[in-house]
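Pulled the feature table from TrEMBL, pasting it below:
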- 27-45: transmembrane segment (TRANSMEM)
- 137-374: domain 'ABC transmembrane type-2' (DOMAIN)
- 182-205: transmembrane segment (TRANSMEM)
- 231-255: transmembrane segment (TRANSMEM)
- 261-283: transmembrane segment (TRANSMEM)
- 295-312: transmembrane segment (TRANSMEM)
- 318-341: transmembrane segment (TRANSMEM)
- 353-371: transmembrane segment (TRANSMEM)
Amino acid sequence: MRGIRWAPFWSVLRKEFLHLWRDRPSLAMAAGIPVMMLFIFGYGVNPDVRCLPTVVWDQCRSAESRELLQAFVNTTYFQLKEIAGGYGDVGQSLATGRSRVALIIPPDFAANLQAGRLATIQVLLDGTEPQSTRQAMQVAQSLVQARGAQMLRQKELAPSPSFPLEARIGIWYNQELKTHFFTIPALIGLIMQNVTMTLTAFALVREKERGTMEQLIVTPVRPAELILGKLCPYVIVGMISFTLVLIAGSAWFSVPVRGSLPLLFGLAFLFILTSLSIGMLMSTFSDNQLQAMQMAFAFILPSILLSGFVFPRETMPAPIRILGNFIPLTDFLVILRGIFLKEIGMGELYREVLSLAAFTVFLFVVSLRRFRKRLD
């Protein structure tokens, strides 16, 4: 092996450093992505359940029932969000995702305690996120048992295998707590976002790299017509991909689609438009496919961690949850899990639908303006 000539080596090294320094987007990503990953993983990855939103229907309204509710709140696992007036309010709160836990105290709760009879409370859990549901179920059962043991001590009764309190647990939407009921709908959303976003970004950047974009510019085609013409094939590809993964997820993994299929396809079409708009916006900031790939990676990572794809959003700090609200996948996962498992419709999903529509319009308008500016 011949020895290294240091003069040419230093020349090439200097050239590469200069090239890297002038490539400001790549330099910014190289410096920013590791820091972003650190903060996202540090705050977003938290499997411990805390502050699960809870709806309460207290039919007893006694000192004993208030004491028990306060014991639930003091655990920091449950956070009181709503007061219900009936089973209808409880069901609506769980269906829309405003609450993940429901505590129902019967009207004879205090009377049974005072008479020494068994007093029961009903704990309903949203089973769409099995991990947090299991933890919440264990905490609720342990808390009620501890409360019952405390009451026995206060009454100076001998320890008994039967406690004066009992929690009757009910799990909605996913009674067997199957993990793939939680992951498959989320995977469908993530796959659709990544495929449509990257295909669009790479296609538009590839036109710039090949110089064919300039050839299209000199034609009478307007920028809006050019963009719409280039995006429509990817809308069709996205819908075909969605159909394939939907069939595979439902048939192979036995995940039921309990809601409306036409509504599911309509909202999937809206989300595909949103993802295409994100890809188009990325292409306006990218000069080559490498930069587009880096931007796509920088967007995919927060999408996985902050959207509720892996970890419940309730466990995240408030600033991280707010940041996750600016990721369209967050809304689409609520839509997918709601239609797949909860059989809910537009009446419960209108907030997420309006949010996706606003994302789509905003991103498309910004992308179109930047595209026109680059054409000029």
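Numbers run from 1 along the shown chain.
Using the three backbone atoms N, Cα and C, a Cβ is placed for every residue, glycine included.
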Using a cut-off of under 8 Å between C-beta atoms, tell me which stretch among 182-205, 231-255, 353-371 contacts the transmembrane segment (261-283) the most.
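Stretch with maximum Cβ contacts: 182-205.
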Cβ under 8 Å to the transmembrane segment (295-312), counting only same-chain residues 6 or more beyond its ends: which ones?
29, 32-33, 36-37, 40-41, 44-47, 49, 52, 100, 129, 131-132, 186, 189-190, 193-194, 197-198, 201, 278-279, 282, 285-286, 320, 323-324, 327, 329-330, 333-334
